[in-house]
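Right, one structure below, let's go through it.
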Amino acid sequence: MENILDFTLEELKEWLISKEEKAFRAKQVFDWIYNKLIFDFNNMKNIPYKTKNLLSDNFYVGVPKVVKKLMSQDKNTYKFLFEYKDGNIIESVVMKYKHGNSICVSTQVGCRMGCKFCASTLDGVIRNLTSGEILSQIMAAQKEIGERISNVVLMGSGEPLDNFENVTKFLDLVTSDTTLNIGQRHITLSTCGIVPKIKELADKNYNITLAISLHSPEDLLRKEMMPIANKYSIKELMEACDYYINKTNRRITFEYALVKGKNDSIKEAKKLSTVLKGKLCHVNLIPVNEIKENSYEKSTLKNIESFGNILKENGIETTIRREMGADINAACGQLRRSYVSK
């Protein structure tokens with residue numbers, strides 16, 4: 001059986017026609033799934049009994065089961081552990097803002113990138129998620145909170161560009177007016193910096209925001225923090241970013257997790273200013289999430305602000321990320337790992 005969420009409307013139409021069914025039934029089915037959030041074919045009232053049986057025999061609506069749901073004390077952040085049909089568990093985080101609800105979705109079960117500050121990668125990668133499985137996190141979360149989600153961040157477990165085909169199909173699906181109709185400008189894709197895939201993504205000409213996990217302007221330190229830096233130097237990464245900016249005319253966000261005594265010095269801030277000077281970019285400074293498997297400590301607020309001020313003085317737009325959901329392990333990979341380790 002196949003997950004119907006992996007299908008575009010046109011693909012489902014073609015399948016129905018091949019079974020001597022009416023093509024317009026595909027639109028009716030999509031309406032039930034994406035607008036009414038009905039995930040059982042038998043509850044789709046305007047679908048004939050014969051067609052329901054045909055669909056049930058060949059497809060399932062692959063929305064995951066909620067195995068854990070946590071809500072922060074301020075009620076603005078929800079953390080979900082979702083379980084797929086094969087028993088694999090991933091996590092998603094919903095953040096409520098005045099401008100709308102945002103979800104951070106996972107693209108893989110685990111991750112193989114090995115970034116030292118990330119809990120998602122500690123057990124390696126188990127498998128890629130399909131386009132429909134990524135999409136299903138949004139649908140399951142919408143059903144749980146009873147509200148529409150209008151912004152998507154691909155920044156949960158997994159490296160999106162390490163699952164390129166499924167992630168790009170997800171982008172095509174989620175932005176389609178036949179499914180969730182989320183605007184491309186409301187989507188952010190975060191990557192540790194797989195250079196050839198950044199260029200390939202640029203050639204797709206999406207209007208999404210690309211976020212690069214940078215974390216150091218120096219190759220030696222970046223190699224220590226992020227194994228991907230052993231393959232691609234900062235020079236190569238910046239060349240790929242320039243290609244992306246020139247191709248899409250979209251501003252890039254550089255994520256920079258500040259670790260006390262490691263990458264939060266004035267010297268590092270000045271070097272970062274030099275690396276990014278003149279680029280169409282924005283820097284998001286992040287107090288690092290402390291995990292027991294490493295000795296990384298959060299930089300002090302004073303250091304973070306001083307670091308940011310140097311960037312601003314050099315004409316680089318900079319913000320400090322607001323921490324949300326710290327009381328519910330909302331950082332990437334923390335909740336899933338504590339759950340599966342039991």
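Residue positions begin at 1 at the first shown residue.
Note that Cβ sites are derived from N, Cα and C of the backbone, with glycine treated the same way.
What Swiss-Prot records for this protein:
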ACT_SITE  GLU91  active site, proton acceptor
DOMAIN    97-327  domain 'Radical SAM core'
DISULFID  CYS104-CYS332  disulfide bond
BINDING   CYS111, CYS115, CYS118  [4Fe-4S] cluster binding site
BINDING   GLY158, GLU159, SER190, SER213, LEU214, HIS215, ASN289  S-adenosyl-L-methionine binding site
ACT_SITE  CYS332  active site, S-methylcysteine intermediate
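A map of Swiss-Prot features onto the structure.
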residue	record	DSSP class
GLU91	active site, proton acceptor	strand
CYS111	[4Fe-4S] cluster binding site	coil
CYS118	[4Fe-4S] cluster binding site	coil
GLY158	S-adenosyl-L-methionine binding site	coil
SER190	S-adenosyl-L-methionine binding site	strand
SER213	S-adenosyl-L-methionine binding site	strand
ASN289	S-adenosyl-L-methionine binding site	coil
Fill in the blank from the handout: For GLU159 (S-adenosyl-L-methionine binding site), the number of neighbouring Cβ atoms whose distance to its own Cβ is within 10 Å equals 26
Practice task
Would you pick out, from the recorded positions CYS104, CYS111, CYS115, CYS118, LEU214, the residue whose Cβ has the largest number of other Cβ atoms within 10 Å?
Solution key: LEU214
Exercise for the section: Consider the recorded positions GLU91, CYS104, CYS111, CYS115, CYS118 and say which one has the Cα lying nearest the Cα of LEU214 (S-adenosyl-L-methionine binding site). Expected result: CYS115
Handout entry: Nearest recorded site to SER190 (S-adenosyl-L-methionine binding site) by CA-CA distance, among recorded positions GLU91, CYS104, CYS118
Key = CYS104
Fill in the blank from the handout: Mean per-residue pLDDT in the domain 'Radical SAM core' (97-327) works out to 94
Exercise for the section: Work through the recorded positions one by one (GLU91, CYS104, CYS111, CYS115, CYS118) and name whichever has its CA nearest to the CA of ASN289 (S-adenosyl-L-methionine binding site). Expected result: CYS118
Fill in the blank from the handout: Of the recorded positions CYS104, GLU159, HIS215, the one whose Cα sits nearest to the Cα of CYS111 ([4Fe-4S] cluster binding site) is GLU159
Practice task
Around the Cβ of ASN289 (S-adenosyl-L-methionine binding site), how many other Cβ atoms lie within 10 Å? Please give the count over every shown protein chain.
Solution key: 19
Fill in the blank from the handout: Cβ neighbour count (10 Å, all chains) around SER190 (S-adenosyl-L-methionine binding site) is 22
